[in-house]
Amino acid sequence: MSGASSSEQNNNSYETKPPNLRMSEKKCSWASYMTNSPTLIVMIGLPARGKTYVSKKLTRYLNWIGVPTKVFNLGVYRREAVKSYKSYDFFRHDNEEAMKIRKQCALVALEDVKAYLTEENGQIAVFDATNTTRERRDMILNFAEQNSFKVFFVESVCDDPDVIAANILEVKVSSPDYPERNRENVMEDFLKRIECYKVTYRPLDPDNYDKDLSFIKVINVGQRFLVNRVQDYIQSKIVYYLMNIHVQPRTIYLCRHGESEFSLLGKIGGDSGLSVRGKQFAQALRKFLEEQEITDLKVWTSQLKRTIQTAESLGVPYEQWKILNEIDAGVCEEMTYAEIEKRYPEEFALRDQEKYLYRYPGGESYQDLVQRLEPVIMELERQGNVLVISHQAVMRCLLAYFLDKGADELPYLRCPLHTIFKLTPVAYGCKVETIKLNVEAVNTHRDKPTNNFPKNQTPVRMRRNSFTPLSSSNTIRRPRNYSVGSRPLKPLSPLRAQDMQEGPTSRRPKSHSGWCTVCFPPALASCPCH
């Protein structure tokens, strides 16, 4: 077989071994396996209704939970085709030349959507444009049907003049369409552009013409919602997310607990209390918050002692969230990195190879942690001013969401002790301020290793998180892998039960870390232990 060497084929010609699929396996989060076909999200709405805001925010969320998503903004394509914007006349429905250009831009954008979803491993594409006519939406539906894409429409409806004016002044004044123009001229031209679109605008009709489509109408920035014919899991998650976000001004403060006794010793995990300097930080944090004069501030902590002790010093009510607890290091809890490297050298190497996907034996991975923290993100999106006192890995995951960081960067984000991250949501992202309180603390950050393996050396086999792929371009059936501590429940033969009680037998080759090098990860068919 292709997975065996020539010597193995000669000595064991009767034996077939599964090919090594791990080196070519695409890194993908759990959520990607919940999409059974690519989805095209189509934005609808007049200009200045927050479509781009929703597109970017939704894309950031979907990428964070592990669904590869990309925005295709039609304005970018239009500015490539027409280098200089002159006035609202370009958007008149009776400007035939401009209409041809706009349609051609849409077709080019859809071709890029097709390439992303079919050739670049994308799962969801967001088509950010007005799409206000039925003709344009029918064209998109035909395109999706030809390529077997699901379609979900998101229509933003707003008739509040104050909201529209604020959106124009906050976002459109800085648009590439208006270089070096004053606010009054921008407002006048853009309002006329909106009037051009109103002439041909046909909102989605849930009672007749569009009753069979899947969509959500977001009315007046989330005051009301209308949801129609949600098709699948991903669409339901999109609806749930859009029903939780808001645009009211607020500030989110993220910080770690004060320095703990285990921090001083270099140990990970555990439930130790604050050190002397950690208690000093808690007092400094209280003084900082009093100076900020924040109204209606909510304080959240984990259920571990070090975050609770930090919050206790603030003298304000706080809520404890178990899902804010630090990443579970399993068998490595309360150990230093030097101890882990000495006792479990292969585990130490595995984590350095792929920190986001690596799961501690009996513990969690960063990927697991993102799944665990999703309810926190939903609640943060619903809230006003919040202070979250958490832990290094937890804070990295939360920061990655707000700063739109990918799986490669997430585990290495710097979140030092005794430092506050002040996050202020803005039009298309998040403004970040780093505030260091004047209290010394140990450095718990580990830089990303180089991982420069020699060309003739195969990296240590990666133990992946448990999943069952729903589909694969590879025709060879992959073995189902289970993480340590998560093996399937099934009756054990007396011999197997005895093996488990007495430890590894002579048939089971051992690694330096004590794990079987053949069946690690467990349940591989080629392992003689099975």
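Cβ coordinates come from backbone N, Cα and C, glycine included.
As given in Swiss-Prot:
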type	residues	note
REGION	2-248	region '6-phosphofructo-2-kinase'
BINDING	Arg78, Arg102, Thr130, Arg136, Lys172, Arg193, Tyr197	beta-D-fructose 6-phosphate binding site
ACT_SITE	Asp128	active site
ACT_SITE	Cys158	active site
BINDING	Arg256, Gly269, Tyr337, Arg351, Lys355, Tyr366, Gln392, Arg396	beta-D-fructose 2,6-bisphosphate binding site
ACT_SITE	His257	active site, tele-phosphohistidine intermediate
ACT_SITE	Glu326	active site, proton donor/acceptor
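Swiss-Prot feature annotations superimposed on the structure.
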residue : record                                        : Cβ neighbours (10 Å)
Arg78   : beta-D-fructose 6-phosphate binding site      : 22
Arg102  : beta-D-fructose 6-phosphate binding site      : 20
Thr130  : beta-D-fructose 6-phosphate binding site      : 21
Cys158  : active site                                   : 18
Lys172  : beta-D-fructose 6-phosphate binding site      : 19
Glu326  : active site, proton donor/acceptor            : 24
Tyr337  : beta-D-fructose 2,6-bisphosphate binding site : 14
Lys355  : beta-D-fructose 2,6-bisphosphate binding site : 19
Tyr366  : beta-D-fructose 2,6-bisphosphate binding site : 20
Gln392  : beta-D-fructose 2,6-bisphosphate binding site : 20
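In the three-state DSSP scheme, Glu326 (active site, proton donor/acceptor) falls into the coil class. Neighbour count (other Cβ atoms within 10 Å of the Cβ, all protein chains): 30 for His257 (active site, tele-phosphohistidine intermediate).
Listed in sequence order, the recorded positions near Gln392 (beta-D-fructose 2,6-bisphosphate binding site) (C-alpha within 10 Å of its C-alpha) are His257, Glu326, out of Arg102, Asp128, His257, Glu326. Contacts of Arg193 (beta-D-fructose 6-phosphate binding site) defined by a Cβ separation under 8 A and a same-chain sequence distance of 6+ are given as Pro47, Tyr88, Phe91, in order along the sequence.
Of the binding-site residues Arg256, Arg351, Arg396, Arg256 has the largest number of other Cβ atoms within 10 Å of its own Cβ. Rounded to the nearest whole angstrom, the C-alpha distance between Arg102 (beta-D-fructose 6-phosphate binding site) and Glu326 (active site, proton donor/acceptor) is 50. A Cα-Cα distance of 49 Å separates Arg351 (beta-D-fructose 2,6-bisphosphate binding site) from Arg136 (beta-D-fructose 6-phosphate binding site). Counting only same-chain residues at least 6 apart in sequence, those with a Cβ under 8 Å from the Cβ of Asp128 (active site) are Met43, Lys51, Thr52, Ser55, Val71, Phe72, Asn73, Leu74, Gly75. Among Arg78, Arg102, Thr130, Arg136, Lys172, Arg193, Tyr197, the residues given in the record as binding beta-D-fructose 6-phosphate, the maximal Cα to Cα distance rounds to 24 Å. The number of other CB atoms found within 10 A of the CB of Tyr197 (beta-D-fructose 6-phosphate binding site), across every protein chain shown, is 18. Spatially, by CA atoms, the recorded positions Arg256, His257, Glu326, Tyr337, Lys355 include one closest to Arg136 (beta-D-fructose 6-phosphate binding site), and that is Lys355.
It is 24 Å from the Cα atom of Arg78 (beta-D-fructose 6-phosphate binding site) to that of Cys158 (active site). Averaged across the region '6-phosphofructo-2-kinase' (2-248), the predicted model reaches a pLDDT of 87.
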